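Student: One structure follows; several queries about it will come next.
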Amino acid sequence: MSGNSIGQNFVVTTFGESHGKALGCIIDGCPPGLAIDEADMQHDLDRRRPGTSRYTTARREPDQVKILSGVFEGQTTGTSIGLVIENTDQRSQDYSNIKDQFRPGHADYTYQQKYGLRDYRGGGRSSARETAMRVAAGAVAKKYLKQVHGIEIKGYLSQLGPICAEILDFDQVEHNAFFFPDAAKLEQLDEYMRELKKSGDSIGAKVSVVATNVPVGLGEPVFDRLDADIAHALMGINAVKGVEIGDGFAVVNQKGSEHRDLMSPEGFASNHAGGILGGISSGQPIVAHIAMKPTSSISVPGESMTVQGERAEVVTKGRHDPCVGIRAVPIAEAMLAIVLMDHLLRHRAQNMNVESITPVIGMK
C-alpha cells in the first residue's frame with residue numbers, strides 16, 4: 001500500500017533515506033541455489049555510486065553492500081534476502097537553509113502536503129540515493145537471468161542535452177565516465193559538462209536499456225502486460241518524465257506498412273515494437289528508453305515559498321549531479337532486470353508445461 005515494493009513473485013522492498021543511517025532492501029521470491037555474494041552486486045553499485053568522476057556529485061559513498069540473510073555458503077536459500085548499505089558521507093548541515101523552504105522542482109512541497117512533515121536532508125526518501133538498493137537487488141536478478149536463461153541486460157546514455165549518440169558501440173560504454181556508446185562525441189560531452197558546471201545549471205538526458213535472449217511468452221494480459229510493467233518500473237526511477245518501448249513516440253509518424261515487424265521462419269525483419277507484441281515478449285531484444293529531467297538542485301537562484309506560505313528565494317546548496325542521467329544507466333538496467341525476473345517466475349508458475357506447435361521465429 002505504501003509503494004515501497006515492486007513485483008509479485010520476485011518482490012523487492014526498499015527502505016532508507018538519503019541522510020539516514022543506512023539504506024536497505026528485502027528480496028522475496030529468489031529461487032534457491034543461485035550462487036551469489038557481495039562482489040556480484042558491488043560491480044553495478046560501483047557503476048552507480050557517487051563521487052566517481054567530475055561529472056557527478058562530489059558526495060563520496062563507498063556503497064559497500066552487506067548480505068544479512070537469505071544466502072548460506074554462497075548460495076541463495078530461497079528465503080528472504082536482506083541487504084544493507086550504510087550511509088557514510090552525509091553533510092546534513094548543507095540543507096539547513098531549506099528546512100523551512102521548498103526547492104522548486106523537488107518533492108519537498110508534495111511530501112509536506114501528503115505527510116504533514118518531511119525529511120529535508122537531501123530530500124529524504126525522495127532522493128535518488130534510495131536507488132542504490134534497487135541496483136543491488138537488480139544485480140541478483142541480472143545474475144539469475146544470465147546464468148539460468150542467458151538473458152543479458154545492457155544500458156547506455158543515448159543523449160545528454162543536445163548531444164546524441166550516432167554510433168552504438170557497447171564496448172565503449174564501460175570505458176568512459178558518461179556510459180556513452182559513441183567515442184567520437186566524448187570530447188564534446190566533456191566540454192559541454194565543464195561549461196554547464198561553470199554556469200551552476202543542470203541538463204536532462206536520455207538513457208536506453210536493452211535485454212537480449214529474452215524468451216517468447218513473458219507478460220500477462222491485460223493489466224500486467226510486460227511493456228506496462230517495464231514502463232511502471234522505469235517511470236519509478238527518480239527524475240524520469242517519459243518512457244518509450246521500441247520506437248516509442250516516433251510511431252506517430254510511421255505508417256502501418258513501415259511499423260509492423262515483418263516475420264519469417266528465419267526471423268523478424270525489424271524491431272519497431274521493441275521486442276514486445278500484445279504485452280508479451282516476442283523473443284526479439286527488448287528495447288526501452290527513458291527521458292530524465294534536469295535536476296532542480298542548482299546554484300541558480302529561483303523563486304519559491306516557505307512552509308508558512310511566504311515568498312522566498314532558494315539557492316540549493318549541497319552536492320548534486322549536474323546530469324542525473326549519467327548515473328542512471330545501472331539503475332535502468334536493474335529495474336528492467338527486476339521486471340523480467342518477476343515475469344519469468346510468473347510464466348514458469350503458470351505455463352511451464354505449455355507446448356506450442358509453432359516454431360520460435362529465428363530458431364528454425
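Glycine is treated like the rest: Cβ placed from N, Cα and C.
What Swiss-Prot shows for this protein is this:
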type    : residues                                                                                       : note
BINDING : ARG48, ARG54                                                                                   : NADP(+) binding site
BINDING : ARG125, SER126, SER127, ASN238, ALA239, GLY278, LYS293, PRO294, THR295, SER296, SER297, ARG319 : FMN binding site
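Could you place the listed features in the three-dimensional structure?
Tutor: Residue density at ARG48 (NADP(+) binding site): 24 other Cβ atoms are found within 10 A of its Cβ, drawing on all protein chains shown. Mapped onto three states, the DSSP output places ARG48 (NADP(+) binding site) in helix.
Taking Cβ-Cβ distances under 8 Å and a sequence gap of 6 or more within the same chain, the neighbours of ARG125 (FMN binding site) are GLY16, GLU17, SER18, TYR111, ASP119.
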Student: Looking only at DSSP and grouping its letters into three states, which state does SER127 (FMN binding site) belong to?
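Tutor: The residue in question, SER127 (FMN binding site), is coil (DSSP, three-state).
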Student: Within a 10 Å radius around the Cβ, which one of these binding-site residues has the most neighbouring Cβ atoms: SER127, THR295, SER297?
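Tutor: Compared across SER127, THR295, SER297, the most Cβ atoms within 10 Å surround THR295.
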Student: What residues, ordered by sequence, lie under 8 A Cβ-to-Cβ from ALA239 (FMN binding site) and sit at least six positions away in the same chain?
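Tutor: Same-chain residues close to ALA239 (FMN binding site) (Cβ under 8 Å, separated by 6 or more) are ALA128, MET292, LYS293, THR295, VAL324, ALA328.
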Student: Can you give me the same-chain residues 6 or more apart in sequence from ARG54 (NADP(+) binding site) with a CB-CB distance under 8 Å?
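Tutor: Within the chain, ARG54 (NADP(+) binding site) has Cβ neighbours under 8 Å at ALA177.
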